[in-house]
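Structure first, then comments.
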Amino acid sequence: MSGVVVVGAQWGDEGKGKLIDVFAEKADMVVRYQGGANAGHTLVVNGQKTVLHLVPSGILRPETTCVIASGVVIDVFSIRDEIKKLKDTGFLQNPKQLLISDTATLILPYHKALDAAREAALSDGKIGTTGKGIGPAYEDRASRRAILFGDLFDKDNLKKKLELALTEKNFMLENYYKGSTFKADDLIKDLLAVAEELAPYRTKDTSLFISKSLKSGKRVLFEGAQGTMLDILHGTYPFVTSSSTLASNACASAGIGPASVQKVIGVFKAYTTRVGSGPFPTELNDEIGKKIQADGHEFGSTTGRSRRCGWLDLVALKYAIRVNGITNLAMMKLDVLTGHDRIGVCTAYKLNGEIITDLPTSPYELEKVEPVIEWIPGWTQDLTKVKTLSDLPRPTTNYIDYLGSQLGTPIDVISVGPGREQTLWVKPLFNN
């Protein structure tokens with residue numbers, strides 16, 4: 001079995017979309033296993049930029065089957081528009097290329113309204129939600145009252161479940177947040193219309209389809225969204241997303257056993273970024289941070305928000321390697337660090353006068369740490385035209401070698417630009 005999980009090893013926005021698109025050349029299938037339209041995966045092919053939020057990043061390769069698994073929360077109006085844009089630009093011409101699980105949870109307009117109302121009510125304690133309704137939709141799934149993708153195709157059941165949901169949601173919106181309410185008839189009309197458009201992609205049991213594909217020798221990539229440090233259980237809670245972003249969730253969401261996974265690839269930037277609130281030990285609130293932000297175009301593809309930037313944090317990265325069981329690493333945006341006299345790498349933290357090398361479990365402790373920085377000589381050469389590893393300047397290879405020795409996990413892929421061709425391979429993705 002050739003299952004490979006691709007997981008974000010930082011706070012998201014590591015470049016997983018580009019990597020999945022590159023990997024998909026050698027894969028038969030890409031499975032998106034968690035999150036929702038809060039993800040923004042940017043792909044650049046032949047100079048054309050495509051931003052995906054729900055559709056798996058393998059969709060730009062016509063021969064690759066893409067699956068949205070049970071653990072994803074789907075805004076049906078958003079995915080309808082995303083599919084239309086793909087079709088209008090020449091992609092997804094065959095509906096059999098995209099399969100959507102019947103048991104995936106729906107994000108409905110009242111989820112987004114609740115998300116926005118709650119964030120506004122938090123005042124100074126904002127989490128930094130994207131306002132896409134992700135959290136409220138996952139809440140409904142956990143409380144066993146979610147409306148699923150398959151419900152769209154059963155009008156009577158959809159009406160019954162929607163009316164029950166609105167009894168609670170409208171009460172909350174009106175009485176707790178003084179907001180507008182929703183009418184069941186209007187929502188049902190809109191949902192039935194979008195159901196017709198999405199019907200060609202409906203798949204009752206994606207778990208069975210994925211399992212059969214793996215057993216027949218197909219190469220399957222599992223695409224995560226966000227990053228390890230945003231995991232609901234093992235991230236910097238409460239400054240996290242509402243799903244498990246770890247590699248282990250690929251199996252649970254897709255409905256396969258862990259023995260199906262051959263390797264776990266952790267994706268990280270050559271520096272660190274974070275969007276929204278929460279601790280960020282290596283954050284640079286100076287001209288260097290602004291330069292990294294500008295050179296890396298560090299603005300969210302989903303929200304447009306600027307990303308906080310800082311030096312690479314090896315304490316957090318080693319934590320991600322441990323909790324995911326990462327076997328191989330991919331370093332993205334190495335080209336962005338061109339032009340710095342020296343490059344900082346955080347190798348430890350100082351907390352209350354003591355040096356620590358393990359990530360604190362409390363975000364409030366993490367907020368107090370001071371990064372212990374080691375300095376590596378920088379380089380001035382433009383890396384975006386580099387075609388082979390041997391063409392990299394010596395200071396750059398020294399940086400790569402230093403990180404590899406510190407992390408104890410091989411760096412197999414290095415990205416030096418947004419395009420497919422700007423990818424350097426140390427070792428092939430699949431073993432066979």
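Placement of Cβ uses the backbone N, Cα and C atoms for every residue, glycine included.
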Inset, instruction - Have a look through Gln226, Gln262, Gln293 and flag the one Swiss-Prot assigns to the IMP site that Asp13, Glu14, Gly15, Lys16, Asn38, Ala39, Gly40, His41, Thr130, Arg144, Thr241, Arg305 belong to. - result: Gln226
Inset, instruction - Taking Cα atoms as reference points, rank the binding-site residues Gly40, Gln226, Gly304, Arg305 by distance from Gly12 (GTP binding site) and give the first. - result: Gln226
Inset, instruction - Using C-alpha atoms only, work out the spacing between Asn38 (IMP binding site) and Asp13 (active site, proton acceptor) and round it to an integer in Å. - result: 11
Inset, instruction - Count the other Cβ atoms sitting within 10 Å of the Cβ of Thr42 (GTP binding site), across every protein chain shown. - result: 19
Inset, instruction - By CA-CA distance, flag whichever of Lys18, Gly40, Val416 among the binding-site residues is nearest to Ser306 (substrate binding site). - result: Gly40
Inset, instruction - Measure from the Cα of Leu334 (GTP binding site) to the Cα of every one of the binding-site residues Thr130, Gln226, Gly304, then give the nearest. - result: Gln226
